[in-house]
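Noted in TrEMBL for the protein shown:
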TRANSMEM  262-293  transmembrane segment
TRANSMEM  314-331  transmembrane segment
TRANSMEM  380-402  transmembrane segment
TRANSMEM  409-433  transmembrane segment
TRANSMEM  470-496  transmembrane segment
TRANSMEM  517-538  transmembrane segment
TRANSMEM  558-579  transmembrane segment
Amino acid sequence: MKNSDLEIVEEQVTKFYYRMAQLNNIKKETKTKMMKLKEDLELVDFMKNFVLEISGDSSKLKFDFITGIVDRNKKFLIKKILCQAFKRKLIFLIFTHGDENLERMKKIFVSLGGRVLDIEKYNDPQKNSLALTSVISQIDCVEKHNDEAMKNEIQKISSLYLTWKYYIEKEYKIYKSLNKFNFDKDRDLLVGDAWVRTDDLNRLKRMSESSENSDWNFAFEKIEICEDVPPSSFKLCKYVETFQDLVNVYGLPSYGEINPGIFMIFLFPMLFGVMFGDVFHGTLLVLISMYFIKHAKKLKKKFKSIEMLIDGRYVMFLCGLCSILFGFLYSDFSAFSINLFGSRIANRTNDFDIYPFGIDPAWHEAANNMEFTNSVKMKLSLVIGFLHMGLGICISIFNCLYFKNTVDLLCVVIPQAIAYVAFFGYLIFLILFKWLTIDLNVRNPSLISTYVLMFTSPFEIKDQIYPGQMFVQLILLCLIFLSFPWMLLVKPIYLIKKNRVKNKEYTDLWMNQGIHMVEFGIGLISNSSSYLRLWAVSLAHAQLTKVLVENTIKQDSILLQAALLPLFIAGTLTLLIGLEGLGACLHSLRLNWIEFNSKFYGGTGYKFEPLSFKEINED
């Protein structure tokens, strides 16, 4: 920022400050004077009435008074009570004897903030009353003009406030950055280290060349080798900014680390759609988000309380689209089936004549509808969970390759991948194998029993699903049990052998590796089972929708349906869209943060915050 800009601001602020201070002093003076004149007017009116009464007919002359005796100790208490009884200011008359007592009385009342009426000044109360009224009217006019002038000044200040704020914040940012430099006394210049985006290097060179012919100049030297980890910088558009914010809450990506924000763009809405799969509710979400997108600026100014919701309008839009997609997959439109291609169950010509996409709508009317949809959604949630965490492990491999971290790749990531595929991948294999090859009308082997017996009774096969099942399961068990010692022992032994760890750090190394191994083992079970929340939330959403529909718009009477329609709308918007939608968002966020990010994401980076006036310009 140029100094002249700040000087102009300082000059304008000083000018308005002294002007407002002057107007404020005038206002205080006129207010004080007005108060005294009004008091004088009341005194004059009182004296006028009093003089008229005592100068009139003596028969009309009347004084009301009381006489009594009270304990001297209670004298001040009585005065205090009387002052509370007769609130605000009082006009008083004191009858005393002697000049000395009169002066003493005046001093007492003046010290208490009272005003003593100069009786000689008001010998003609009638005339003085008119004069005071005239003066009060004039001062009142002056006060109104002064208030109008203050109002005009405030309007001028309001119009310049944003300009002043812009220049001051700009100056503050510049000096905050300059304070990070070191002053070289010998060369009379500022020296400092800074990070610059690679894309901005050419621009920096042009600025350096152009500064040589100006009053100021600067030079820079590019440091090729730097031990410090560079900050993380993101060039984001408004469509993906919210998704990156969700990642940044968990932790900022380190420089060079694969950014989970890329995957969050489609994984977060997809997991939301699995739990919220309903064409009707998804359409409502899309319509609400489109309204927010169109009127975002106006709504932010008008409704500050829902600003966070408006900021997430693009997230809401994608969540709505995924809800519609999975709604078609579940053949669900607010508890009504969607028959797009015609049911194949009743009119099946052969075993390969199946419903083209999603669940056949005939299942909605079947007696075992709940049992079937539960089975499908539970298994689907496990398949999605396997692919989700598997993607995280694959990303971890790419991170190790990028950073050339061969030790972690061979000693940590690969054994984790082997254990993961052997433990969770085998369950997914059983699910898909049963879906694709086994005729349930002939036999229906229990996958849960098969999977549990694999660990509890590895040499016993009660219900064989495929040939060579025992041999495969024994190999998988061996791989699982070998992978954990691999994770625990190989890395510490290698680092100690290569003298990459000091003797004092041996204990910390073994403890750290042991903690990571135990954490992975616990996570292997807990993270895998955590994806069952996709099935549970989807089931709860479907059942709540069914209960609401059956008790409102599915009533036999048309009049009753019309009467209960507002209840259906209110329940849909508040319970199903509001509460259920919020719950699905939180579950989706947790699955991305814990189950997915924990497989590859460190989140130990820090944000690149260059000197920029973009935010100030936007404000």
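For all residues, glycine too, the Cβ spot is worked out from N, Cα and C.
Values in this document were obtained by computation on a predicted structure and should not be read as measured data.
Contact between the transmembrane segment (314-331) and the transmembrane segment (262-293) is supported by 3 or more Cβ pairs under 8 Å, counting only residues 6 or more apart in sequence. Counting Cβ pairs under 8 Å that are 6 or more residues apart, the transmembrane segment (409-433) and the transmembrane segment (517-538) reach 3 or more and are in contact.
Here the transmembrane segment (470-496) has Cβ contacts under 8 Å with residues 407-408, 410-412, 415-416, 418-419, 422-423, 426, 454-455, 458-459, 461, 506, 509-510, 513-514, 516-517, 520-521 of the same chain, all six or more residues outside its ends.
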